[in-house]
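Novice: After the structure tokens below, expect a handful of questions from me.
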Amino acid sequence: MASQPPQPPSGQPDTQYEEYQSEVITETTNRPTPAADVYEITPTNDVMDDRYEHEHDDYESGAMYETVRTWSPQSRPELVRIASVFSRIDSHPDVAPTTEDGGQLNRRDTLAGVKIGDPVLDPTKPEFDFYKWARMFTHVMEKEGIKRNRTGVMFRNLTVLGSGSAVQYQDTFLSPFAAPFRPGELCGKGRNPEKVILHDFNGAIREGELLMVLGRPGSGCSTFLKAICGELHGLQKKKESIIHYNGVSQHTFKKELRGEAVYSAEDEHHFPHLTVGQTLEFAAAARTPSKRVLGLSRKDFSTHLARVMMSVFGLSHTYNTKVGDDYVRGVSGGERKRVSIAEIALSGAPICCWDNSTRGLDSATALEFTKALKIGSQVGGITQCLAIYQASQAIYDIFDKVIVLYEGRQIFFGPTRIAKQYFEEMGWYCPPRQTTADFLTSVTNPKERIAKEGYENRVPRTAVEFERYWKQSQNNKLLLADMDRFEAEYPPEEGHLEKLRETHGQAQAKHTASKSPYRISVPMQVKLCTVRAYQRLWGDKSSTIATNISQIMMALIIGSLFFDTPQTTDGFFAKGSVIFFAILLNGLMSITEINGLCKATDPIVPNAQRPIVVKHVNFAFYHAYSEALAGIVADIPIKFLLALVFNIIIYFLGGLERSAAKFFIFFLFTFITILTMSAIFRTLAAATKTIPQALALAGVMILALVIYTGFTLQPSYMHPWFKWILYINPIAYAYEALLVNEVHGNRYRCATPIPPYGSGTNFACAVAGAVPGEMSVSGDAWVESSYDYSYAHIWRNLGILLGFLAFFYFVYLVVSELNLSSASSAEFLVFRRGHLPKNFQGSKDEEAAAGGVMYPNDPARLPPTNTNGAAGETAPGGSTVAVIPPQKDIFTWRNVTYDITIKGEPRRLLDNISGWVRPGTLTALMGVSGAGKTTLLDALAQRTTMGVITGDMLVNGRPLDSSFQRKTGYVQQQDLHLETTTVREALRFSADLRQPKSVSRKEKYEYVEDVIKMLSMEDFSEAVVGNPGEGLNVEQRKLLTIGVELAAKPQLLLFLDEPTSGLDSQSSWSIVTFLRKLADNGQAVLSTIHQPSGILFEQFDRLLFLAKGGRTVYFGDIGKNSETLLNYFETHGAEPCGPSENPAEYMLNVVGAGPSGKSKIDWPAVWKESEESRHVQQELDRIQSETSKRNEGHGQSAEKEPGEFAMPFTSQLYCVTTRVFQQYWRTPSYIWGKLLLGLTSALFIGFSFFLQNSSMAGLQNSLFSIFMLTTIFSSLVQQIMPRFVTQRDLFEVRERPSRAYSWKVFLLANIIVEIPYQILLGIIAWASLFYPTFGAHLSSERQGILLLYCVQFFIFASTFAQMIIAGLPDAETAGGIATTMFGLMVTFNGVLQKPNALPGFWRFMWRVSPITYTVGGLAATSLHSREVKCAQNELAIFDPPSGATCAQYLQKLVEAGAPGKLYNPMSTSQCQYCPLSSGDQFLGGSEIHWSDRWRNFGIGWAYIVFNIFATVALYYLIRVRKSSGRPNRIISVITYHLSQFGTYCRAFITGRKEKCPRKREQIGKIY
């Protein structure tokens, strides 16, 4: 039956509308006059604001302040500017502060009974009170006449558009070939269509108000906040949309006052190596005003301000702790979130928008954060908007207004106190104990909302109907009237803009443009960022030192490689090589400046810090080019010192001329080259959006720079189509300058005169530039003849280099400023082609899909309120959960203790915890932040890899066996999945490998379909997991995580770690109720839960509550309406829990959770002595006794499935290899990137060395072309390792602990899958390089051998990459090691320094380098038996003695077996002798022989086999052995107790014998 268009209920009381109208009118007409200048706030227990009354008026509900508005609109004080007053008074107690007009502020002046010197005003004291501090701050600021900006915001007809569709298709390796058959997509038709994200929003937020933004994920909350702050980045507003700040348009406001409206994103971006104190002091310093109270210095002001915010947000103890990230150890996740909050607070912006900033915070901390926002709004007039997903009633009551979003449509905007009544009068039912915020969000969820009886056909259903109802409501009319008054009060661009400019100008430093949004000048910004750069370097000094040491080691190696180079013509090639090495290593060491993978772990890397710079630019901390310039300034001294040490070593050890003048020229050019290449790499990083883009371009650029330096390919041999690269190559100019600098003015003794017995003018030196009859060769003549270089070019080249340097630095600064933002797009699902569900629509009617509304008289549809609690027998999608196999096993743990050692100091994480989980029960694991909830879960699930665990863990009274982990499910907090797999494939993979082999594949897949129905995943079962924003959303990922564990059919129990983390209230409700259904069907469930609402909390049967230090506070039943739990706490001295209070929040408050929470009662000690604790021990004894008897009765016939894995090795290998093949096939960017790298590099090399002639230089160039092919090796390795890490992370974090498959299978599968693609790559490189370079004249045998070598080389590269990354933690570390090893292999392969010229202690490196055999085999096959035809400058030209022919004169030389060839034997003058006659003679100088081709090929395969075995061995030794095995655990226990020997002895001596280890309690049974 079609529903009627919803209308506002005409028969409903309109008292709320009258009250709202009177509030708006009162607020507008009763505004204070400019004469008053005091803003008073007095504590009260009645109401938070005289305009809005609340149902809950206790302290915890946030109703704690009454506002008397007597401030002046022109002089409302700033919230965070008074801190310096207290620091001055505390440090100089005898100095009375003076005001701007010279008057004194008496030290005994008080405000509401608070003295300035009170410890409650000192953020370093435990008595500090932010509320009182802020009030006194206001008072002093008013006295000194310092103003701050304040403004509200009004938005009318706000519509935001984005690009993207609700669904896209997954690309595969063949997608580019299929594109021509889809012309619509190829031409852009139907691709990235315009999508309306926000529809026609209206509202007004006055200064000092708090707005709560509610909506489900994807409803547009983040976009709304970004629109308010003007941070849309790629999204667009409609022309009709209006946003203004007290009359100032958003365009003008963002241009001149950008930092006055800031947006706090949900993700945290900080420099991990900075401490919390450094991070916040930087933020404070960047926004420190020019006019400060008492004239304090900027440093004192910013330091004190940072201390205040650290105290407010509970960060004082982390002042000297690194912020950290996923890779760098630092503060906890919750503390890092608070750092982000404090950073925003320090910006001093009058408009702040917070996007789910309470995520990851426990309820007590989230409440304190919201209270701090309220104080800021009331005292400082800050306008704040906060999007929040799980808000308690106490948090909700703090807000002034609320906006509710439904699929991008506004369905309510108004005071928080009338919102609930509005929706109830609409016809929706709010269950008891459901918070108002949850209720408001639930009405947007068809699966959760409940219609009142009699309203079933009157309530709106779709988002459009809700919006229509809102626009026709009286509340909307009052809102529009209030907006009209707002606009009348603040006419566009009249007056208020000048006031804002005036106040902003007062805060600006000298030499800052008046219309600049920044408070400090550019030089101050550069200085501040430079100091921060050095702080980051110091914080990561180990990495900096390691990098510098590696560079110095390379200098020592290269220098020693050319040690004692002869000062003869035989040393010409060596001199060119060492200078080539020096200039390349100096220039290319800066490539690390485009590394870091956007994690900000590299101290001065542009791309790594981009998200942080973008954030700070939006906060108006500094210009992006200021940070870029600071990076340059900070980097120059470090580069100078490193270059000095590096070049001293390589210059003097490498045999270059020991002349002070030449050394300083050498150093000058190398240092300028370092800076120039640094500027180029920085520009490349700044101009690209992602690290892979930058690295891909850098790889191509480096190849071009190396080839066209002038050494590997001499200028005269360059082809015109690429020769232009020589003229834009900075390294080429530096190489020419260094080479001519070295040989200028020198003469070198001829090492090979032709003939050696010649005299007078009857001989010549077989070197370019030689003069007949001279026994030495001029260095200037040699470089001019060989390279066309001239000493006259040296200073010209310096000028060109400086020009390059200035140009690229300028471009870098410009690009850094302009290329910051990234485009935003709408979220979408990704499906495999041909697998889109038939009923899937991009914008479907969720109401219809959910089967209509819910009714309050249907018990099966009501949220359960009892502890038995199933909400009927249907899962979220209505399917049964009866497929869960029944369970009978009881898991118990007793006196579990977990100790680890940190920096040599022991630390106890879990302290004698006991409990159990029965089948059919849902047990909650809760605790304060840092209590060890996840740690306990990991310990119970046998997933810890370090430390010592003691205690008893039993299943049915028996010790855990090797099958325990595969018989349990563990839902991790992080939703880790392979991004290329579909939902159904992920579930089938889990079922295939984790269900017993006795179950057929058909049965497994049928069970997977049951799981899909249980979790209501039918609509996206064929969707690809993808990445956030391009794939499954947060809720769908969490469902998949749970589904993967259910698909394994856990026989014992199901562990869950924070299954509701990051979800909105309705999604959390869906997850927890599903767990309730699982428990009701016999599943044993143990779940940690972070911030449960009262209704969610009542779904659990039992609770294990932990305090800090992993100590038990409570373990037992929760009881109906939480009576058992509450009775325990109240019996032992806690305040009674209010009837409307959330028991979960009550518990946290009782034990003193939150940054400033304290409890007078030691609850863990109370528990230890309680009757309930003794009952737990008795019950454990009883359970163990009963299960032991039952085990004895069954004897050895009890059901048991021994074995670590459910499936045999071959089945594991088949499944895993198939999945890895699938992953590669569905990652076309990786495969095509690999193939294009090989194709473009090989073609570029081939056409650079196109058809080289048979001269000696031509042969050398041909050898260099083969050498250049091997340089692809490094880029290939860098591509492979991140792919391996992705697979390994998933395996080690989820699949190995679950015992899905063996680590040996994981390694073999990854090795196997790479091989076909490496074979294809070898074929492409072979065809692209060797045909252009050597032509098609080679025999088929030789071409076949070349192909085999190419394929072998690329297979070696893949196995080498896997060997290096196998045991290392991340791709960055492995990349550094691989690059170093590759450098050694390339250096010692006999091309750049002939083997016979190597110092004796380095010859072994030539023999062990794998590249030696690859180059040897390729070169021998390519150049064997090739006739040498010397170029004119390569010939030894001389006259024979009078009367003799050339042949007669050289007869002795020929008879002695000289390798050369005489071109004019019958001539009597100008004999032309070529030193070589065949390619084999040329190769022989590098000890490359045609006869060794198959030996070299065999050695190559030996290296591949070695790589594979080494991969397995390294992975086992580093990543398997250390984390598994009983002997290692025993060793850990012994080591731990030995480390505690001194402690035990001291305790014994002092009589504290209880500290000594007791056999049972402290050692226990080792697992």
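The backbone N, Cα and C atoms fix where each Cβ goes, and this holds for glycine too.
In case it's useful when we look at the structure, here is the feature table from Swiss-Prot:
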- GLY927, VAL928, SER929, GLY930, ALA931, GLY932, LYS933, THR934: ATP binding site (BINDING)
- 22-32: compositional bias 'Polar residues' (COMPBIAS)
- 167-432: domain 'ABC transporter 1' (DOMAIN)
- 1-37: region 'Disordered' (REGION)
- 1172-1202: region 'Disordered' (REGION)
- 543-563: transmembrane segment (TRANSMEM)
- 571-591: transmembrane segment (TRANSMEM)
- 636-656: transmembrane segment (TRANSMEM)
- 661-681: transmembrane segment (TRANSMEM)
- 691-711: transmembrane segment (TRANSMEM)
- 798-818: transmembrane segment (TRANSMEM)
- 1231-1251: transmembrane segment (TRANSMEM)
- 1257-1277: transmembrane segment (TRANSMEM)
- 1305-1325: transmembrane segment (TRANSMEM)
- 1345-1365: transmembrane segment (TRANSMEM)
- 1372-1392: transmembrane segment (TRANSMEM)
- 1498-1518: transmembrane segment (TRANSMEM)
Novice: Given the recorded ATP site (GLY927, VAL928, SER929, GLY930, ALA931, GLY932, LYS933, THR934), which additional residues of the same chain have their Cβ within 8 Å of the Cβ centre, ordered by sequence?
Specialist: THR935, LEU1106, LYS1108, GLY1110
Novice: Let me make sure I understand the structure: which of the binding-site residues listed (GLY927, GLY930) has the fewest other Cβ atoms within 10 A of its Cβ?
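Specialist: Ranked by other Cβ atoms within 10 Å, the binding-site residues GLY927, GLY930 bottom out at GLY930.
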Novice: Counting Cβ atoms within 10 Å across all protein chains shown, which of the binding-site residues SER929, THR934 comes out on top?
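Specialist: Within the set of binding-site residues, the most crowded position is SER929.
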Novice: Tell me, what is the mean pLDDT of the domain 'ABC transporter 1' (167-432)?
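Specialist: The predicted confidence over the domain 'ABC transporter 1' (167-432), as a mean pLDDT, is 86.
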Novice: Which one of these binding-site residues, VAL928, ALA931, has the sparsest Cβ neighbourhood, judged by other Cβ atoms within 10 angstroms?
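Specialist: Counting other Cβ atoms within 10 Å of each of the binding-site residues VAL928, ALA931, the minimum falls on VAL928.
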Novice: Are the transmembrane segment (571-591) and the transmembrane segment (636-656) close enough that 3 or more Cβ pairs fall under 8 Å, when only pairs 6 or more apart in sequence count?
Specialist: yes
Novice: Should the transmembrane segment (1498-1518) and the transmembrane segment (1305-1325) be scored as in contact, given a threshold of at least 3 Cβ pairs under 8 Å and pairs 6 or more apart?
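Specialist: Per Cβ check, the transmembrane segment (1498-1518) touches the transmembrane segment (1305-1325).
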Novice: Spell out yes or no: are there three or more C-beta pairs under 8 angstroms between the transmembrane segment (1345-1365) and the transmembrane segment (543-563), with each pair 6 or more apart in sequence?
Specialist: no
Novice: Same chain only, sequence gap of 6 or more: which residues have a CB within under 8 Å of the CB of LYS933 (ATP binding site)?
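Specialist: LEU925, MET926, GLY927, ASP1057, THR1088, LEU1106 - these are the non-local Cβ neighbours of LYS933 (ATP binding site), listed in sequence order.
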Novice: Can you work out whether the transmembrane segment (798-818) touches the transmembrane segment (661-681), with the criterion being 3+ CB pairs under 8 Å where the paired residues are 6 or more apart along the chain?
Specialist: yes
Novice: In the same chain, which residue numbers or ranges, 6 or more beyond the ends of the transmembrane segment (1305-1325), come under 8 angstroms Cβ to Cβ?
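Specialist: That would be 1209, 1212-1213, 1216-1217, 1219-1221, 1224, 1231, 1234-1235, 1238-1239, 1241-1242, 1269, 1272, 1276, 1280, 1284, 1287-1288, 1291, 1296, 1347, 1350-1355, 1357-1359, 1362, 1366, 1508, 1511-1512, 1515.
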Novice: Measuring CB to CB from GLY932 (ATP binding site), give everything in the same chain under 8 Å that is also at least six residues away in sequence.
Specialist: TYR898, LEU909, LEU910, LEU1106, GLY1109, GLY1110
Novice: Sort SER929 (ATP binding site) into helix, strand or coil using the DSSP assignment.
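Specialist: In three-state terms, SER929 (ATP binding site) counts as coil.
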